[in-house]
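Novice: Before I ask anything, here is the structure I am working with.
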Amino acid sequence: MTSTSAERGATAAHRGVAAALDGPWPRFAARRVGRLVVSLWVLVTASFLMIHLIPGDPVRSALGPTAPAALVSARRESLGLDDALVVQYLHFLSGLFTGDLGTSLTSQLPVSQVIAQRLPSTVQLAVLAFGVAFALAVPIGVGMGVLTRGGRARGRELAFSSSSVVLGAIPEFLLGVGLVYLFAVELGWFPVAGRSDASSYVLPVLALSLGPAAALARIMRVEMLSVLQTDYVRTARAKRLPAPRIYLRHALPNALTSTITLGGLLLSALVAGTVLVENVFAWPGLGSTIVASILGKDYPVVQGIVLVYGAGVLLVNLAVDVALALLDPRSAIRES
Amino acid sequence: MSELRFDGVTIRYGNRRRGTTAVDGVDLTVPDGAVVGLVGESGSGKSTLARAAVGLLPLTGGQILLDGQPLRHGSGPRPVQMVFQDPYSSLDPRMTIGDSIGEAVPRGTRSADRRQEVARLLELVELDPARAGAYPAQLSGGQRQRVAVARALAARPQVIVADEITSALDVSIQGTVLNLVRRLQRELGTSMLFISHNLAVVRYVASEIAVMYLGRIVEHGPTAEVLADPQHPYTRDLLAAVPESTRARSAPVTADPAPAAIAAAEPADPHAPPPGCRYHPRCPVGPLVHGDREICRTTEPTAEHRHAAACHFAPAGRPLLRVAD
Amino acid sequence: MTSPTTDSVEGAPAVPRRRSAVRARWLAVLRTPVGAGAGLLLALVLLLAVFAPLLWSDRAETFDTGSVLQGASADHWVGTDNLGRDLFYRVLVATRLSIGLALMATSIAVVIGLVLGTAPLLLGRRAGRLVTAGVNIAVAFPGLLLALFFAVVFGVGMTGAVLAIGFAGAPAFARLTHTLAAGIAERDFVAAARIAGVGRTRLLLRHVLPNIGEPLVVNATIGAGGALLAFAGLSFLGLGVQAPSYDWGRLLQDGLSGIYIHPEAALAPGVAIVVAGLAFNLFGEAVAKGIGLTATVGGGFGPAAGRSPDRVSAAPTDDGRPATDPGRAEGRPVLDVQDLSVSFPGPNGPVRPVRGVSFRIGRGEAVGVVGESGSGKSLTALAIARLVERPGVVDAGRLEFMGTDVLAGSDRSHRRLLGTAFAMVFQDPMTSFNPTRRIGRQLAEVAEQHQGMNRRQAFGRAVDRLRSVRVPAAERRAHQYPHEFSGGMRQRAMIGMGLMGEPSLIVADEPTTALDVTVQRQVLDLLESVRAADDVALLLISHDVAVVGQVCDRVLVMYAGRVVEDLPAAELRTGARHPYTRALVATVPDMHVDLDQPLPTIPGRPVDPASQPPGCAYAPRCPLASARCVEEDPALADDGAGRRVACWHAGEIGTDTDVPGAAPVALTSGERA
């Protein structure tokens, strides 16, 4: 039960937490953590198996057909590839817990060191793009929803939906190329590639965030429109509340929950999108490393980076679910 | 047609720790050729019982017997057929009504015979056999519900379960379906379990009435007797709640002797049924009104009264209403 | 935009068969601007994929060492590459490989997705759950990541990329198939087929797949667009198509390195990718929109037909109906409505689901409105409450509440009056409260807004009002969310919300339809006691004659958007003079209906608001109808004693009959086809 004092002056977050702790919350948490653990296990196992699913000998294919047999077998031994699969699996798992992800085949550096070097710049990129996508999508989507409700402002609706469809359909690497051409080559406002000062962040972040922002804004608008047609918004109108209050206090939180639900996948796709964008901008992050490693058949590095990306995606999904549970008191219950 | 008997039927949803017992030890017999009306509020378990009867839900306990034999759901049409509440969802929109009915005709029938059978059934439910090629979207709600009845009959059932078959229909149409049910019952002698929340509808079609509350049958007897002299306080409350345009407005029901605590009582939560008699938190003859009736809170009443009413104080109640002049 | 298969064609002699209806629907999609444009674009892309390599392979592969890495010119529209090959033709020729690979990858995704998605239906419960859980885990990872994973497994190159993208797309498609199939499997017709002895495989083939086919095709189309982009991405990363083969992604990668010198080389394949991707996407979405439209149509008539403009369609109605007498109400009326009509724009001019409704409600009077679904009763309530939103238009000769003309002036100017003196109770208590806000706050809002209270005062008033509508433990419950309330309690809280101000009128739109009878009685009692205590007028809308008869003083009977009779509630059963009123009363079985007689029924069906006949709308179903009824619509005439009726044959047969079954109602099965 919540107390009266909690009600007074409570912020939205407070209210959500209070409601969530009310009972279904522990159950929700248990179930959510359970799912996370299972997903993590699947991820770890899949990335372990990846190297074994490759037809032929991964070491031979990495070193090339001309490499001496002795070198190949020495490498195989150092990777433990000659052990039984179960032994290798257990070794892999224990390595994970100690932070040992193996050694790069090409650079001979520990994989964990490679990742530690490259991770920060990818995280920066993703987090910034995240923020930009939301900051653009929510106000635009809500505004367009209110403007175009009940078939109003058809012209603006058409302009909005066509531009957002086009923008949403351009993949991030193409958008990147377009942005480079326009703002770096033609106008020379920003650097073409690389990571240096703040201005070098602008184009990669835009390339990564504009597509998801357009798609999110579209979802936001549709959700807003459907929330504006609900019985409870009609109730709010029957109470003769002023329009801003109806839109911001009654419609927005509900529209936001379903937008986050639908947008969750979009946001985890954004994490993976860094791979392409980093390659367009020669961004020194995980994305350009994984592609180089795939092409160079440096499998331990690929394995490690796949793990990191997968974990990042699971983290985003978890964050989305928690945000939903806080925003909507029913979602923790609905969760099953 | 045959006799359908529920013998200590229990149905639980969910897992062992956090489940709901929707139907709890129900004994009920639908005699050969009789229509048994099953009434109760939403959440009382009537639809769950119906779905179990046709094998859509597994039983947790007890058994369902058809002419004394445990009901089996092998291949082929099932011996107990069902007509669903919503005729807009119970017919496949991509199938002609003829195909929908024909699908239920027992297999091994030649296609010409099958067509003939479909035509006969459409005739039986007062639809033009020439419309066998129509799609459900081309039919009104009442017509669809009659197609659903024809499909149930096509399987040559021994018992039909009708689950709220008129509640999705407009009032001007529900009469046609009720008339059809009565005619079929008279002409074919169909045994039927007729589920409805509407007492007036049940009174019109059913020869016996069973009242369900929170997973239990609380009263069961011949329709006229139960309605004229209800034994269980819940049955009496149900009867009293039936809106009557002819009832004098000057006698609002708030004049009940029941205290406000009962007038404002919330319907019980099927997920957490109260101990003892399940009706005691709302009961006008229970512990809320009579302080000495602690037994209602602690002990579950047995159904050993008239109309098998499951109430410790059943005979104490007087009929509130005189029904059926 | 109406679909060709609406309910209105029901029973029409020439009904389109289902298959042609599907074709008509797809054609209708092509007739919309977006659909036509996308369809054209898609056709163009596919034609190019087929013919471009046949026509221009030579020109695309001719080395010209004399013109290496040139910019755009008349000879080479987008320049040449490092071997002097014409890039324009290379982009055109690459269409086949780009599209072909995308389609192959999509087919792999669709096939695997279909198998995984329908497996839970075919396998038992436990195995099915396992498959679903696996799909759910896989679908959480973005396609690109899966594609990279599979690209490693299958190897770098064209085949590897096709398999990688196909496998990567499968989980999403499996999930979609599963969701759609599970939705269909829950429907009653699948249950009915199971009871009829239909096996699992046949169930899937005959009932489930046909009903999810269209959305699957649409999503596969959109998915093909996605695969195209993904493929371009992989090729761009160097993981897809390898030289000397080339697709758009490969061309883009080659062009990017020279973007400073001649950007066309990178932009041209980029444009091709976007255009082709858009063609698939837009076409899929246009079709999805077309299908979505019809999905809402088949759903039958809801209780509040006409609330949304799509429900009504077509045909203008006649104007200049005789001004009707607004009926009796002692003293100054609380509500005075004259000649109220509501119209929505339709494809053939405005449709008017409410036409010329006039009545008054006096202080403390309880007036009921009855009628079948689609009669316009709920819309009348919304119009009075000024809650009809655009594109609906409300017109009235007079619409006065407490002596104030609420039709004139802005919403803002009446906000206070309507916010405090006019209370609304809606039909569905489960959906009428905001699920994300506490009940107490939703009540308190009214007092904060209109009565100038601060948060704490307003909340205190809310608790007090909840108590007054007999919500037990009001203080505690005010802090709860709507989902923690039962239906009956919510409806009480809704009434309590109306009592935050000092209402003179409560408009209750089917307030008990969603509730059980015992709870219905409690809510009706509550309305009654509120009315008695404060002399509040009540307008009760219901389809249930008995409910209205029990609660109200006076009853308005509506049919096809008009009031056809206005009479004292006590006389509903005995003194009704309109044949529709009599029929409506007689068709509803009550606890006294004669068990030996068949129930009376009303033949035919309610009139479609889109095509109102010139005469009396009830004439086609009326046993008394004469030639005049068909030609001329009767006005609602006052009999001098306060009763009003709109019928040329009012009271013609047995007004004094007290046997309801004997009312002149056809004893037929009614809607025989």
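Positions of Cβ are set from backbone N, Cα and C atoms, glycine also.
On a predicted model such as this, the values are computed, not experimentally measured, just so you know.
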Novice: Tell me which of C:144-167, C:216-239 corresponds to the transmembrane segment entry in TrEMBL.
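Specialist: Per TrEMBL, the stretch marked transmembrane segment is C:216-239.
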Novice: What same-chain residues lie close to the transmembrane segment (C:259-283): Cβ under 8 Å, and 6 or more beyond its ends?
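Specialist: Beyond its ends, the transmembrane segment (C:259-283) has Cβ neighbours at 34-35, 37-39, 41-42, 44-45, 69-72, 78-79, 81, 87-88, 91, 94-95, 98-99, 221-222, 224-226, 228-229, 232, 248-249, 251-252.
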Novice: Who are the long-range neighbours of the transmembrane segment (C:216-239) in its own chain, taking Cβ under 8 Å and residues 6 or more past its ends?
Specialist: 98-99, 101-103, 105-106, 109-110, 114, 143-144, 147-148, 151, 156, 160-161, 164-166, 168-169, 172-173, 176-177, 180, 247-250, 252-253, 256, 273, 276-281, 283-285, 287-288, 291
Novice: Using Cβ atoms and a strict cutoff of less than 8 Å, what residues sit near the transmembrane segment (C:26-56) while being 6 or more residues removed from its termini?
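Specialist: Distal contacts: 1, 3-4, 89, 92-93, 95-96, 98-100, 275-276, 278-283, 285-287, 289-290.
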Novice: Can you tell me the mean pLDDT for the domain 'ABC transporter' (C:335-585)?
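Specialist: Averaging the confidence scores along the domain 'ABC transporter' (C:335-585) gives 89.
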